[in-house]
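Pulled from Swiss-Prot:
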- 1-23: region 'Disordered' (REGION)
- Glu60, His98, Cys128, Cys131: Zn(2+) binding site (BINDING)
- 64-169: domain 'CMP/dCMP-type deaminase' (DOMAIN)
- Glu100: active site, proton donor (ACT_SITE)
Amino acid sequence: MAQKEEAAEAAAPASQNGDDLENLEDPEKLKELIDLPPFEIVTGVRLPVNFFKFQFRNVEYSSGRNKTFLCYVVEVQSKGGQAQATQGYLEDEHAGAHAEEAFFNTILPAFDPALKYNVTWYVSSSPCAACADRILKTLSKTKNLRLLILVSRLFMWEEPEVQAALKKLKEAGCKLRIMKPQDFEYIWQNFVEQEEGESKAFEPWEDIQENFLYYEEKLADILK
């Protein structure tokens, strides 16, 4: 299953880039690691089509999908009822902070207590235990923040630590959902680059509904 393959990737110290750090005695492998560009968080408004089709696909076996893509919508509402909305996406590159943590470091590094924040994430996979802990800490000290997380896949969902982290998110008021086919279509329309002069319709992959139901059942079992 997907969680087993992702678990193997996450076991390495540089978990997000999938490199096998146990082979550092290999000169070629060492050179490859040294030549990696420095860690950075990629941000933008719309992500390339091929990134969406590969990274967001809700497959059960997620080999090779060792990055996190996070599309976000932030609605900020004043006491007078006026609201402003911004949106974009984050992609984590190589080792370092994951996209969830980077969101709070770069997109919303501070919160105005006089405003209300409604944040929606569309994420390629559910948070790891460490990212869930960061989310919990932010929610606990930011009472004017409401967070909805929609995920394509569940990351390492059989691990007790991850299950406990997801339960704590629910208990803290964070809403966690598996993406429905309609959610993928929403991402396609609002966060994916379109060819200039034309807007192609979203084409669901063959097992999109089946895999949604699979992950929805797993998440319900975890959160019950």
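Using N, Cα and C of the backbone, Cβ positions are placed for all residues, glycine too.
Helix, strand and coil content of the domain 'CMP/dCMP-type deaminase' (64-169), in residues and according to DSSP, is 32 helix, 39 strand, 35 coil.
Proximity of Cys131 (Zn(2+) binding site) to non-local residues of its own chain (separation of 6 or more, Cβ distance below 8 Å) is seen for His98, Glu100, Glu101, given in sequence order.
Shown are the recorded positions Glu60, Glu100; of these, the residue with the fewest other Cβ atoms within 10 Å is Glu60.
Around His98 (Zn(2+) binding site), taking its Cβ as the centre, 21 other Cβ atoms fall within 10 Å, counting all chains.
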